[in-house]
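These notes concern the structure reproduced below.
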Amino acid sequence: MQVPLLRLQCGVNSYDWGKIGQESAAARFAATTAAPDFSIEAEKPYAELWMGTHPSLPSKDVETQRTLLDLVQDNQALISTEVSERYGGKLPFLFKVLSIQKALSIQAHPNKKLAEQLHAKDSRNYPDDNHKPEMTIAVTPFEGLCGFRPLTEIVYFLNALKPLRELVGEEAASQFENAVKGAEDSEDSDVKQKNKDALRAVFNTLMQSTPEKIEAATKDTIAAAESSPETFAASNGFPVGSPSSPTELAAIIRRLNGQFPNDIGLFVFFFLNFVTMEPGEAMFLKADDIHAYISGDIIECMASSDNVVRAGFTPKFKDVETLTNMLTYSYAPIEEQKLEPVDYPYAVLNVPAYSSGSSCLLYDPPIEEFSVVKTDLNRTGAKATFDGLAGPSILICTGGKGKIRVANKSEEIKEGYVFFIGATAECIIENTDGGEEDERIFTTFRAFCDLTGKEDMANGN
Ligand SMILES: [Zn+2]
């Protein structure tokens, strides 16, 4: 049998929120293994590099030019019988690099049951019936919105920002305040449910705002942000990290309005956690979690699906009613939205790897479709040997260079190169960069599906 190590050619798409030309990591990575007719255009936005078997932008085996989908359907052993049977002969996950220049739409992804209903009702806007939990790992510094803020912060902004309060309306704002007063941090489940109901009510009111009212509120908000940024939405108890100061908040609000003028998203901002992540930090978005990405380069892994319910920061189809109905209205501080990696136990580091502080970290969300391992090999000669996994995996290099070996097949690997590794294959990667003078860290991300021990796991819900 052929050695199960395939170098992949992956496509990049061009949504208008992508970074421009060479700025885009997604484009640069794609260009390292591109089809002959591909070259990066200086003015064009490049948004997402797709690695996987999704029919909208399928990856190809460089050597044979056959699609990965075709190859795994021809040879089930590449993804294992279990995975093949459970996921209809396709990869259960879609692996991506996103390069974000301007905000992506405010969105949530339906759970399995809702995905089936939406697809049956409206297959044009909801192209498949699958759920789409997703995980984001920062490659460069990242900004985004994720989940609802702690209630005290929402109350704070309803008081500190007059145009926001006027948009929501005095009645809805004070009803919300009275409902949650003194119980904002309660752990009691009945109280929490009451809080969520109150949050749902005020958020729904906000989302019903007419375009005229949004425009008027935007005008006042931007005027305040421009005239005195240092006192923008400032009052006693400005919430830490939301962003870090009124001046920074004013700058972000102006930037977002420049990207999407007079958009309800500008006010949704004050209801959601503002999240920044340094390279290597991650967050996991369950089904029905509200989120929006604002800037940065990220690695993203998701269940193979295209279903998005959008409600702001987008020229695309908005489905406010579905979105406001589907959300869980869970509110929590940012730290609880982040996903802490743990040491990956099934790789062995050699002496140069170990002594140079190299690392192999596992990002393991509570779902069965995917996990991701990030490996940093910090010195020339540093090497990691991975046990075979029970399912398929895709590995991308985001920095440095090295070698990758499966059985007797060894290939060069450097920034942007992508490989498919078949089920059960042991795999070795090694930093071969430079000499003593210009050693660079060799970084890879590997997404995989291994159902071992996950047989009873709830299907992402
Ligand atoms: Zn999303």
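A Cβ is built for glycine as well, from the same backbone N, Cα and C atoms used for every other residue.
Here is what TrEMBL says about this protein:
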type: DOMAIN; residues: 5-151; note: domain 'Phosphomannose isomerase type I catalytic'
type: BINDING; residues: GLN107, HIS109, GLU134, HIS291; note: Zn(2+) binding site
type: DOMAIN; residues: 167-272; note: domain 'Phosphomannose isomerase type I helical insertion'
type: ACT_SITE; residues: ARG310; note: active site
type: DOMAIN; residues: 361-406; note: domain 'Phosphomannose isomerase type I C-terminal'
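Comparing GLU134 (Zn(2+) binding site) with ARG310 (active site), their Cα atoms are 16 Å apart once rounded. The DSSP breakdown of the domain 'Phosphomannose isomerase type I C-terminal' (361-406) into helical (H, G, I), extended (E, B) and coil residues amounts to 0 helix, 27 strand, 19 coil.
Annotation: HIS109 carries the greatest number of neighbouring Cβ atoms among the binding-site residues HIS109, HIS291 [cut-off 10 Å, Cβ to Cβ]. The two recorded residues, GLN107 (Zn(2+) binding site) and the residue listed as 'active site', have Cα atoms 4 Å apart. Taking a Cβ distance under 6 Å to any atom of ligand 1 as the criterion, the recorded positions GLN107, GLU134, ARG310 reduce to GLN107, GLU134. Per-residue pLDDT, averaged along the domain 'Phosphomannose isomerase type I C-terminal' (361-406), amounts to 96 for this model. Within 8 Å of the Cβ centroid of the Zn(2+) site, not counting the listed residues GLN107, HIS109, GLU134, HIS291, the chain contributes ALA108, LYS132, LEU285, ASP289, ILE290, VAL308. Counted within 10 Å of its Cβ, the other Cβ atoms near GLN107 (Zn(2+) binding site) come to 24, all protein chains included.
The Cβ of ARG310 (active site) lies under 8 Å from the Cβ of SER105, ILE106, GLN107, LYS316, PHE317, LYS318, ASP319, LEU323, each of these being in the same chain and 6 or more residues away along the sequence.
Residue counts for the domain 'Phosphomannose isomerase type I catalytic' (5-151) under DSSP, split into helix (H, G, I), strand (E, B) and coil, are 37 helix, 42 strand, 68 coil.
Of all Cβ atoms in the protein chains displayed, 23 besides its own lie within 10 Å of the Cβ of GLU134 (Zn(2+) binding site).
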